[in-house]
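The block underneath contains the structure these notes are about, expressed in structure tokens.
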Protein chains: 2
Amino acid sequence: MSDTTRPGEFELIARYFAPIAGAGGLGLVDDAGLLKPARGYETVVTTDALVAGEHFFADDPAASIARKALAVNLSDLAAKGAKPEGFVLSLALPHGWTEAWLADFAQGLARIAGEGACPLIGGDTVSTPGPLILSITAFGSVPAGRMVPRSGAKPGDVILVSGTIGDGALGLQAHGPGKLAWVARLSEEHRHFLADRYLHPQPRLALATALQVHASAAMDVSDGLVGDLAKLLKASKAGAEIDLDMVPLSAAARAAIMADPALAELAWTGGDDYEILCTASEREYLSLIVAAEAAGVALVAIGRVTDEGAVNYREKGRARSFAQGSFAHF
Amino acid sequence: MSDTTRPGEFELIARYFAPIAGAGGLGLVDDAGLLKPARGYETVVTTDALVAGEHFFADDPAASIARKALAVNLSDLAAKGAKPEGFVLSLALPHGWTEAWLADFAQGLARIAGEGACPLIGGDTVSTPGPLILSITAFGSVPAGRMVPRSGAKPGDVILVSGTIGDGALGLQAHGPGKLAWVARLSEEHRHFLADRYLHPQPRLALATALQVHASAAMDVSDGLVGDLAKLLKASKAGAEIDLDMVPLSAAARAAIMADPALAELAWTGGDDYEILCTASEREYLSLIVAAEAAGVALVAIGRVTDEGAVNYREKGRARSFAQGSFAHF
């Protein structure tokens, strides 16, 4: 810092981060923040780290990077049926960061924190010779004993997903450098839609209460539907029958698959959807769909939980298998 | 990962981290952990990130790195008067990590987690082309409204510190490459003592209850006594009179200062002590000292809070000022 006129850590916190802080952040001048769950509630804790060049492009807009870093954590809270209560940010800034970048970052963070009603309650900022790394730990509240686990799926339960699947992985290709042939063939509107879905995931917070009341198991789809379903079923010690034709696709994703049919596999297995994958009993799943619709989110049934170990996928009536289960950032 | 035979993220978690997990970690197979504060308690949240080459040496023993990463967070909890309840770990592993390194890291983490009764409840592991970065968010419980703030120091309060000051900064020089003249003049025992204090900070968890009951303000000394005292007083909108001759020094630190008197300033301003700096009212401070002693930790009075803006330091009866207030990692 000595060779520049950039402000020090404490000025940066006061200028850019204190305005995002909630009461539990204690003005970001203490060593700690406070969580005060209401009586009868528990705190759900989730952590996600994002690395520049791996989970986003280093030259993505700073506001978009901030948005994504918090959104992927809010997505986890939503999947657990939890109401956001706050988050802490650990920010490893690469050498050469500018105050303009940080101002843009803080503005994006403030916006998603406001949308999610999830104030900053603490954090740490360090400097790294490596790429930008953001690690967020987010907190949500659920009535005691009501967190929606990964492990609650029972044979006979209906398997559902929210929104549309595949936009994130297709959007990564539409947004990234080195445009592919199919991207060039897409309309500007569809290209933009997919890139925006990759850049600005929408955490399904509106679903949290419906999931908490009606779902037997849930997780967010961050590493691809096929791989994440395998994780949910493994945790639940169950299998599934999935009808791939029921997996909801956006108009843009359908156009992309029309341009290149091989992209269907990418849509099913690629990451970055941040939709909700969940299960509900035969008795509850219609109520879940209705409650989700009332919250403004479409939930679609794509299959059933079975007591077999395997997941059997069918597409147009024929069995289908996947070589690569899931996208792993690690 | 594709070019090696290293296990995947899920196997690593199961093998090395699941054994450190507490009940709130839900076996580390869910997307989230759970905190269940007892009725009438609140959750104190603290975050500290450590970067290889900045906060520790990349070739320090992996177990020592793990220990330090959690210890510095436990130190914050202790300063807030909180009892540890759990932590989440965000681990950005540099390319070229080995399973042996990770096994050693997990063993060190398990040990400090056990000592602090602070189980792992979640985390995320990512890969980075940059240096190793560890970010830990730790959780502690305090009776509602009883977190010890930075901002509670009142004029007339006594200022105290725990243990001994300066060992961390001196230990960095004793431990690091490029041995200085004074280090060579130290006994092997003193060199080892100081290096160990730098490598293996001892969080003052035993002080938490005494602080919670008797202290008006507290923080841990991580960036140097002089700079951290300035922060505490700024948060408390107060000043202080400090008698530097009262600042407790270890025998090793005294030997170092004997070898090179200029090191006294390093002891007072250098970082990495992880001792507790606190204030207590005239009425409470003796009870605080007695309670700390009962907990096995020495607390020594080094000055008084004043209502002036400034901190007046005296050494051997003469005023003393510091050019550089505090060591900043950022």
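Backbone N, Cα and C define each Cβ position, glycine as well.
Residues B:D31, B:D76 are given by TrEMBL as Mg(2+) 4 binders; from B:T46, B:T47, that same site also lists B:T46. Checking each of the binding-site residues (B:D31, B:H55, B:D76, B:D220, B:S222) against B:T46 (Mg(2+) 4 binding site), the C-alpha distance stays within 10 Å for B:D76. Of all the Cβ atoms in the protein chains shown, 22 others lie within 10 Å of the Cβ of B:D223 (Mg(2+) 5 binding site). Separating the Cα atoms of B:D48 (Mg(2+) 1 binding site) and B:D31 (Mg(2+) 3 binding site) is a whole-number distance of 22 Å. Taking the Cβ of B:D124 (Mg(2+) 1 binding site) as centre and 10 Å as the limit, one finds 22 other Cβ atoms among all the protein chains shown. Rounded to a whole number, the C-alpha distance linking B:D31 (Mg(2+) 3 binding site) with B:G123 (ATP binding site) is 9 angstrom. Separating the Cα atoms of B:H55 (substrate binding site) and B:R150 (ATP binding site) is a whole-number distance of 23 Å. If you check the binding-site residues B:T47, B:G123, B:R150, B:D272 against B:D223 (Mg(2+) 5 binding site), the ones with a Cα inside 10 Å of its Cα are B:D272. Cα to Cα, B:R150 (ATP binding site) and B:D76 (Mg(2+) 3 binding site) are separated by 11 Å.
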